[in-house]
Amino acid sequence: MANYFNTLPLREKLNQLGVCEFMDSAEFSDGVEALKGKKLVIVGCGAQGLNQGLNLRDSGLDISYALRKEAIESKRDSWKNATENNFRVGTYEELIPSADLVVNLTPDKQHTSVVNAVMPLMKQGATLLYSHGFNIVEEGMQVRKDITVIMVAPKCPGSEVRAEYARGFGVPTLIAVHPENDPEGKGLEQAKAYCVGTGGHRAGVLRSSFVAEVKSDLMGEQTILCGLLQTGSILSFDKMIEKGIEPGYASKLVQYGVEVITEALKQGGITAMMDRLSNVAKIKAFELSEELKTIMRPLFQKHQDDIMSGEFSRTMMEDWANGDEKLLTWRAATGETAFEKTPAGDVKIGEQEYFDNALLMVAFIRAGVELAFETMVEAGIKPESAYYESLHETPLIANTIARKKLFEMNRVISDTAEYGCYLFDHACKPLLADFMARIDTDVIGRNFNEGKDGAVDNRALISVNEVIRNHQVEQVGAELRKAMTAMKAIKTA
Amino acid sequence: MARSIRIHQLKLNYAQQVVFDGLDWAIGSGENWLLSGASGSGKTSLAKVLAGLTSSHGRMEVCFDAASPLPACVMYVESWYQFKNLEGVANFYYQQRYTSLQTKDVITVGAELEAFGAENGLQPGGLQQLASGFGFSNLMGSTLLELSSGEHKKLQLLKALWLKPQFLIIDQPYTGLDSRSRTVLNTLLDQAAASGVQLILISNGTELPACINRFAELVDGMLLQHNSSPQREEAAETPLAALPEFLRTRPAYATDEVVRMENVNISYGNKQVLKNITWEIRAGEKWLLQGHNGSGKSTLLSLINGDHPQAYANTIYLFGRRRGSGESIWDIKQHIGLISPELHWYFDAGATVFQSIASGFFDSIGLYRQPGYRQSRQVDELISFLGLSEHRNELLSTLPLGKQRLALLGRTIIKNPELLVLDEPCQGLDDRQTQHFNRLVDALSVNGMTLIYVGHFDAALPACIEKKIVLEQGEVKLAEDLFERI
């Protein structure tokens, strides 16, 4: 199978990268109609599979689960999850032939074998749904021409997809139709109906393409979302230990700090995050982040280039073929870092203290979000897509670090994201060695404002504010956040 | 030195409001107190001061008995208890416990108790006796999420009675407990007192343990002492204000058959929680649902409210439509107004009183859509009817429990639903509020609303109740008309 994106002429590459539309809620007024009375068969019953299925059934749709024979015979957890919640469960052979919509919610790595197994069983004119485009775009899976191929990707873990639905809300969702597989022109209507069934239409839906989703998703997760959060956390922690800050405090400051800091990001973008700092601290954080952007820009560009050319997926698939050798080695190494092994101390850290004493973290996050966004947009990805895959998701990932540090983050994200995260982290740390050598505890570990009178030059402050506020990620973000009506404060520890 | 707690000239403000301005209290050796008072009078605040959980102005001295074998501490058992999952977050939703999930991310009762015991150096032997007395032994393998509100209360009481601190403050010890458990609790409290624990119970109840020998009541920020449990004067029947216009019309019924269940069975693994339930509810009927803690009441109600995944495998008709015939849970919920302790427990902490009530239009936990002009007007009428006008824009979670409950009751009736499901609606309300609320239910019932009411206290039920169904270990033990219709 050839990389699908690379088979396209440049015109079509740009065309597909450019699909990006924030959908109006009026577009969902037909509810689940397009899927009403149809047979939906979900392949896989893990966290996404079970929770999406519960939502869809509660929205009045007909759901059953196709599992591999071994999973059924040995009564694996996926079988128990489905049967104990009274879903019909059967083998591929039993359920796929009558399915109108086959929903593939297995991990990326299994897509090729799952799709190869179900495709011959699917009836004429059925629809195949993905929640991630890797298999189609990077692996170049060719789907039978009578089959419609769509994507519905809730931008949250499965447990959240269910929790928000049960509350009467939903999670932001991305939908797409594969242009090579929309023979009847029904793809978009079905994707919208599925999205209503999971509750996503209440929280904001972005119409994208398989190509735009994959190229931006890979870039976001490798750089700002996972890669830089990992690098920034480890470097910040190590610096504090080197300079004699109490380890329990340092551990807690980083672990929960990323969550508290990015909560401001979620509510009001980079502007709100930077505004949580005093004027003197803001100017300092700005200077550090500008410096970080200059140092890291080539690395961000390299990641984007490798993603666009298919080099990234090629090397990662080599590792799959190699029994995940690199992935497993890197995962083990992350588990051994001092940050990971030092439990958060039993100290009270106030909400504002997470900003005042962790100015370096704020600088890392601004630099990472802006760089990822800028690099994606330069590569032809639309600003709205770039916003989703950079700023929007950062707080969600930070939340996993607050739960159980980097190990938890890497457990929750996909293997693809995890692989990319380590790749970035290992290249980024040496790049920042000189920069980190100049860092002291005034910007990480202690209150930057201590011993300063807080005076700043008016013009310096004004120009810093202008640069922050006029960045494109801020303008796009303000529009999109307004559309996502309800954003609830996450519960901080 | 004799054991005692002395408070002198206590001053405390809560959100710019003066709660106490110079309160004195002396708790002497051997004294077991009852602390009562209206909802919002400051009982919980005072308890938290005693336990050292709230900072205040004034002097407080706590003297422990060094010779006593009991731990020298003041333990406070909250009426409202929050737990977290294994990852340290408390992001739960009330329907969650009905879904089967293999990966357990919440710890079990057994593990929770074991950790508590290890932390405090307690002997497991003492626990077993307490647990079996409470009928709690078979819950050790359940996760915290699976417990009902009454079972959560028992878990907190078990910990306290196992620890036997020198001073034990229990906020609303009887809330959510069935009548048998209340009797057991009083016996256990008497035993604890006999072994040297000094009790301070915060309650407006009248079924107290015999060991209570001091009585105090909070009135206007002052502590009044009485010789016996303060007789709640029969609240003068203040006439109920006229119902808002939108609640004075009969709800629109699509069919006379509101609920029909045929041989309903619900189980998790090998544990069967409902057995062969057959139940029919017709438009306008007023039902009382009773049963001991853990008898399956909440599960039964969750089937009616579209909250239980196993409804799809049973024969259940709601509002004339078979469950699993292509309806959505939102289609069902729009006919129902529901309140339960679990719904309150996991309610959106970021919602104001206005938002909480308005969310009833959309059956959401918290408000995610803008109510229209007429809807907003109705919410405001109801807020004023419930006497909550001054709290309209305050966060629900910052109000005293009784007022939170009132607001959530407002949420259940805001759309004048066909079916009102009130699962222990008066938990946390004082006697006057309970009486007031039940009269409100009676007034609503006149217009033809259908009612299912769950209450453990026979003396505190609305007068309109006409039918009763009782569950025992998941089976219908009794279903009867309470009186002949005239």
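A Cβ is built for glycine as well, from the same backbone N, Cα and C atoms used for every other residue.
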Check TrEMBL for me: it has A:Glu389, A:Glu393 binding Mg(2+) 2, so pick out which one of A:Asp182, A:Asp217, A:Asp238, A:Asp275 it puts in that same site.
A:Asp217
Treating G and I as helix alongside H, and B as strand alongside E, what does DSSP give for the domain 'KARI C-terminal knotted' (A:209-353) in helix, strand and coil?
120 helix, 0 strand, 25 coil
When neighbour density is defined as the number of other C-beta atoms within 10 angstroms of a residue's C-beta, which of the binding-site residues A:Cys45, A:Ala47 has the lowest density?
A:Ala47
Using A:Ala47 (NADP(+) binding site) as the reference point, find which of the recorded positions A:His132, A:Glu393, A:Ser414 has the shortest Cα-to-Cα distance to it.
A:Ser414
How far apart, in Å, are the two Cα atoms that lie farthest from each other among A:Cys45, A:Gly46, A:Ala47, A:Gln48, A:Arg68, A:Arg76, A:Ser78, A:Asp108, A:Lys109, A:Gln110, A:Gly158, the residues recorded as binding NADP(+)?
21
Can you figure out which of A:Lys109, A:Asp217, A:Glu393 (the binding-site residues) comes closest in space to A:His132 (active site), comparing Cα atoms?
A:Asp217
Taking the Cβ of each of the recorded positions and counting other Cβ atoms inside 10 Å, which one has the highest number: A:Arg68, A:Lys109, A:His132?
A:His132
How many helix, strand and coil residues does the domain 'KARI C-terminal knotted' (A:354-487) contain under DSSP?
98 helix, 0 strand, 36 coil
Which of the binding-site residues A:Asp217, A:Glu389, A:Glu393 has its Cα nearest to the Cα of A:Gly158 (NADP(+) binding site)?
A:Glu393
Mean of pLDDT values spanning the domain 'KARI N-terminal Rossmann' (A:17-208):
94
For A:Ser414 (substrate binding site), identify the closest of the binding-site residues A:Arg68, A:Ser78, A:Lys109, A:Glu389, A:Glu393, judging by Cα separation.
A:Lys109
Tell me the Cα distance separating A:Cys45 (NADP(+) binding site) from A:Glu221 (Mg(2+) 1 binding site), rounded to the nearest angstrom.
24
